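Asker: Pasting a structure here, questions to come.
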Amino acid sequence: NWSGSLIVASLTGAFGSSFLYGYNLSVVNAPAAYIKKFYNETWERRYGFSVDESTLTLLWSITVSIFAIGGLVGAIIVTPIVKFFGRKCTLLLNNVFAVTAALLMSLSLLVGSFEMLILGRIIMGVDAGISLSALPMYLSEISPKEIRGSLGQVTAIFICIGVFAGQVLGLPEIFGRESRWPYLFGAIVVPSLIQVVILPFLPESPRYLLLEKHNTSKAEKAFQTFLGKDDVSHEVEEVLAESRVQRNTKLVSILQLLRTRAVRWQVITVIVTMGCYQLCGLNAIWYYTNSIFSEAGIDHETIPYVTLSTGAVETVAAVFSGLVIERLGRRPLLIGGFGLMVLFFAVLTVSLTLQKTVHWLPYLSIFCILAIIASFCIGPGGIPFVLTGEFFQQSQRPAAFMIAGTVNWLSNFAVGLLFPFIQGALQTYCFLVFAAICFAGATYLFFVLPETKHKTFNEISQAFAKRNKVTLEMQEMNHHPGERKSSAEQESNFTSSVDNGETKKGIV
């Protein structure tokens with residue numbers, strides 16, 4: 001099932017998209033002290049006095065958190081972009097944001113403008129917001145249902161690889177020095193250029209070509225390329241069957257999707273999983289990592305190298321999830337991942353509270369940190385993106401990804417804004433808040449989430465039909481009331497609209 005074109009498309013798409021998201025999450029950690037010094041020197045050169053500590057902290061907080069604001073913008077604008085340009089072309093055009101951001105951030109020291117660095121971060125956030133919706137959409141539409149979960153996990157795997165790459169390049173021997181930190185941001189250009197060179201030679205999503213562009217000839221060629229076989233009549237008929245069930249392929253707006261009773265529980269489940277994805281406390285783990293390693297007696301200069309173990313564990317766990325997701329399914333990995341995080345958060349709370357009384361407890365804290373990261377990457381780290389692509393029909397998918405992206409980035413911003421206050425008030429007990437969120441998410445998913453592995457999009461809709469209290473036919477009445485046609489009439493329209501392999505405008 002894994003054709004060469006499918007592998008190249010997934011790796012190239014992820015390298016220029018989700019890899020950059022992960023990279024930009026970690027790349028600001030290593031040069032933080034040097035960037036703050038740059039801010040202070042720039043301020044003193046402009047105004048003749050050093051910036052006060054509170055203003056410097058504010059500038060740094062803006063630099064870090066504004067990435068999420070850009071991500072929210074990207075998530076909001078992605079729907080009209082993927083509708084007009086398609087999935088593949090959206091990924092290609094998105095590199096304009098990445099290259100622009102890389103130039104602004106890497107040249108900020110040379111020009112002496114910290115505003116360029118902040119502006120670059122928000123533009124890079126826009127790139128991430130678009131890619132984290134367009135990439136899972138593209139991967140879910142080009143893959144056979146038997147490996148849709150594994151292919152979808154490529155997004156999470158490359159996020160982890162990006163985080164790890166940011167940690168490695170931030171080492172003092174590479175770019176983690178005062179004179180070299182701009183190169184950390186200039187490196188963003190490399191994955192973008194690789195994607196621009198390779199991705200144009202691969203087809204657009206066959207589902208997009210068939211259901212939204214009504215181009216049967218190109219859709220068949222795309223299926224043949226991605227599946228590695230000549231006879232794709234079954235796959236084409238499967239997509240057309242989805243089209244007949246949908247009655248038409250007019251894209252649904254966010255408001256229409258929220259009002260559609262037939263997908264009510266799918267929308268709620270996406271909101272819950274995406275919310276828990278950001279609110280489960282992994283960002284808090286990164287905040288505590290250096291202090292916990294220090295408490296364990298690890299030398300300050302050695303900590304950056306030990307921290308690489310967290311990125312390595314992330315990557316290994318994400319790859320493991322990709323290998324077993326089609327055997328174990330989405331449901332046990334997602335629920336099990338949140339459940340294990342609850343357990344290790346509880347142990348970590350006890351360990352941090354008592355670590356000054358027992359000499360070996362700091363090592364238990366290190367183990368808990370690695371275990372929490374692994375538990376997250378096994379399920380919660382990637383499966384929410386897979387589920388968003390699986391829960392909805394073609395016409396609903398862009399709006400669904402916009403909702404998921406909005407929840408994702410708002411939750412990300414909320415954690416960055418509120419965590420310092422939570423940590424200040426609760427100290428080590430702050431992890432119990434995240435344990436409660438993970439427990440609530442696992443409980444909800446246990447009662448609501450059906451297994452989706454190896455199922456078609458229509459079969460997944462049927463799995464939710466009972467909970468939504470609608471039949472499959474009623475689902476389509478909710479999708480597009482007043483625009484329904486019989487299956488026979490649609491097939492007649494489709495057949496009569498084909499001319500030399502190209503379908504004419506206005507069919508279906």
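The backbone N, Cα and C atoms fix where each Cβ goes, and this holds for glycine too.
Not my notes, these are from TrEMBL:
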- 10-453: domain 'Major facilitator superfamily (MFS) profile' (DOMAIN)
- 58-79: transmembrane segment (TRANSMEM)
- 91-112: transmembrane segment (TRANSMEM)
- 118-139: transmembrane segment (TRANSMEM)
- 151-169: transmembrane segment (TRANSMEM)
- 181-202: transmembrane segment (TRANSMEM)
- 267-288: transmembrane segment (TRANSMEM)
- 303-325: transmembrane segment (TRANSMEM)
- 332-354: transmembrane segment (TRANSMEM)
- 360-387: transmembrane segment (TRANSMEM)
- 399-420: transmembrane segment (TRANSMEM)
- 426-449: transmembrane segment (TRANSMEM)
- 477-488: compositional bias 'Basic and acidic residues' (COMPBIAS)
- 477-508: region 'Disordered' (REGION)
- 489-500: compositional bias 'Polar residues' (COMPBIAS)
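Just tell me what is around each of these and how deep it sits.
Answerer: Taken as a whole, the domain 'Major facilitator superfamily (MFS) profile' (10-453) shows an average pLDDT of 88 in this prediction.
Panel annotation: around the transmembrane segment (58-79), residues 24-25, 28, 32, 35-36, 39, 51, 90, 97, 114, 117-118, 121-134, 251, 254, 398-399, 401-402, 404-406, 408-410, 412-413, 416-417 of the same chain, lying at least six beyond its termini, place a Cβ under 8 Å from a Cβ of the stretch.
Under 8 Å from some Cβ of the transmembrane segment (118-139) lie the Cβ atoms of residues 9-10, 13-14, 16-18, 20-21, 24, 59, 62-64, 66-78, 81-82, 87-88, 90-91, 94-95, 97-98, 100-105, 108, 151-152, 154-155, 185, 188, 205, 385-386, 388-389, 397-398, 401-402, 404-405, 408-409, all in the same chain and six or more residues away from its ends.
When Cβ-Cβ distances below 8 Å are used as the criterion, the transmembrane segment (303-325) is approached by residues 26, 30, 149-150, 153-154, 156-157, 159-161, 163-164, 167-168, 170-172, 176, 286, 289-290, 293-294, 333, 369-370, 373-379, 381-383, 386, 453 of the same chain, each at least six residues removed from its ends.
For the transmembrane segment (332-354), same-chain residues at least 6 beyond its ends with a Cβ under 8 Å from one of its own Cβ atoms are 273, 276, 280-281, 288, 292, 321, 324-325, 361-362, 364-365, 368-369, 371-372, 375-381, 383-384, 428-429, 431-432, 434-435, 438-439, 441-442, 445-446, 449.
Within its own chain, the transmembrane segment (399-420) has Cβ neighbours under 8 Å at 61, 64-65, 68-69, 71-72, 74-76, 78-79, 129, 132-134, 136-137, 251-254, 256-258, 266-267, 270-271, 274-275, 277-279, 283-284, 287, 384-385, 388-389, 391-392, 430, counting only residues six or more beyond its boundaries.
For the transmembrane segment (426-449), same-chain residues at least 6 beyond its ends with a Cβ under 8 Å from one of its own Cβ atoms are 265, 268-269, 272-273, 275-276, 279-281, 284, 330-331, 334-335, 338-339, 341-342, 345-346, 348-349, 352-353, 380, 387, 419, 467.
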Asker: Honestly, do the transmembrane segment (151-169) and the transmembrane segment (360-387) touch, with at least three Cβ pairs under 8 Å and pairs 6 or more apart in sequence?
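Answerer: Touching, yes - the transmembrane segment (151-169) and the transmembrane segment (360-387) meet the threshold of 3 or more Cβ pairs under 8 Å.
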Asker: Apart from its near flanks, which chain residues at least 6 from the ends of the transmembrane segment (181-202) lie with a Cβ under 8 angstroms of it?
Answerer: 5, 8-9, 12-13, 15-17, 19-20, 23-24, 27, 30-31, 34-35, 88, 91-92, 95, 98-99, 101-103, 105-110, 117, 120, 124, 166, 169-170, 175, 225
